Amino acid sequence: MTRSILTTSNSTQCPSDPYLDPRNDPCNPLGYIASIPPTAVAFSLVLLIAFAQTYRIIYNGARWMWPMVVGEYSTSQSHAFYVIGFGFRFALHYNPDSLVIYIVEYLLIVLSPCFFIAANYVLLGRLARDIGCTYQVLLPVRRLTLIFILSDVTTFVIQAAGASMTTSTVHNSALIGLHVFLAGLVVQLASFLFFCVIFARLLYKVHAEVQVIWMQDSKQHWNSDWRTLAAAMAISCVGILIRSCYRVAEAAQGFEGSLASSEIAFYLGDTLPLLVAIGIYVPFWPGRFITAKLAPSANESQDGQELAFSRSDLGYNHEVRTGVLSD
């Protein structure tokens, strides 16, 4: 969250040297001077991950992972949300008192993870269908994906509205914006926690009840073992959870909190976890594991009927066990 945007107004006297005491500079929204080296490293890493994932989509498939890449690029794939956010941190280093630059940087960095979360929502349904275990998922797969995507969109809008309001120079409006933004973060965290519970439950149920499917890829190379993808997804979820907890704690502390005015906290609590969350899919790209075009069986729409998905076209020498939904 911003440190003291609400203290800035047209009558605020900005210091002649913004680098002298940024912590007590009423015109400096960060409360510190953005350092060039960590910004350059973060900028480069995010850009490399975006390029690598774009290559993966083109040559390894899994176009349904576009939401994650969209978070790194824009919807037209010509500009980078997350990368541009770090690009604006370069500008903040040279213009630490610029509110406009800060607003753009803040919105891009804070809101981009919503796209990363959406990619994991889609991936869970794809993975469950690929191994033929949709019946082990707590909610119907199609509804699950739709529910969580709608939740992600809702929290995105709430956070965007709140974050925009925090840039107001009117004290009450900025405080309301902070509370709205915090509410969006809390709802997003709660939603993602519930999603992680569903994901963990799926793995437990498959391991405990369907050992044939759990072990079906045990003799395959790691890039053909669905459990490798599940482990990568788990790591991604942990990274997103750490970042979400950090943002909630930061917003809860308010404008003058220690987290909001610490660049180290920003990189350790926000940037590093997200780099892990998105970077893990470069070596463990879902398209390398889920290569079939998944189509629901004719019985999927009938409550209590058998759900059957085949992986025979993946080149496996075994058949995937099909499950039956009990009343």
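Including glycine, each Cβ sits where the backbone N, Cα and C put it.
Database features (TrEMBL):
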| type | residues | note |
| --- | --- | --- |
| REGION | 1-20 | region 'Disordered' |
| COMPBIAS | 1-15 | compositional bias 'Polar residues' |
| TRANSMEM | 30-52 | transmembrane segment |
| TRANSMEM | 64-88 | transmembrane segment |
| TRANSMEM | 100-123 | transmembrane segment |
| TRANSMEM | 144-164 | transmembrane segment |
| TRANSMEM | 176-204 | transmembrane segment |
| TRANSMEM | 225-244 | transmembrane segment |
| TRANSMEM | 264-284 | transmembrane segment |
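Beyond the ends of the transmembrane segment (264-284), by six or more residues, the same chain brings 38, 42, 45-46, 49, 52-53, 56, 65, 68, 71-72, 82, 109, 113, 116, 223, 228-229, 231-232, 235-240, 242-243, 246-247, 249-250, 258 to within a C-beta distance below 8 angstroms of the stretch. Stretch with the largest number of CB pairs closer than 8 A to the transmembrane segment (176-204), among 30-52, 100-123, 225-244: 225-244. If one looks beyond the transmembrane segment (225-244) by at least 6 residues along the same chain, the residues whose Cβ comes under 8 Å of a Cβ in the stretch are 113, 116-117, 120, 123-124, 127, 130-131, 185, 188-189, 192-193, 195-196, 199, 203, 214, 216-218, 269-270, 273-278, 280-281, 284, 286, 289-290.
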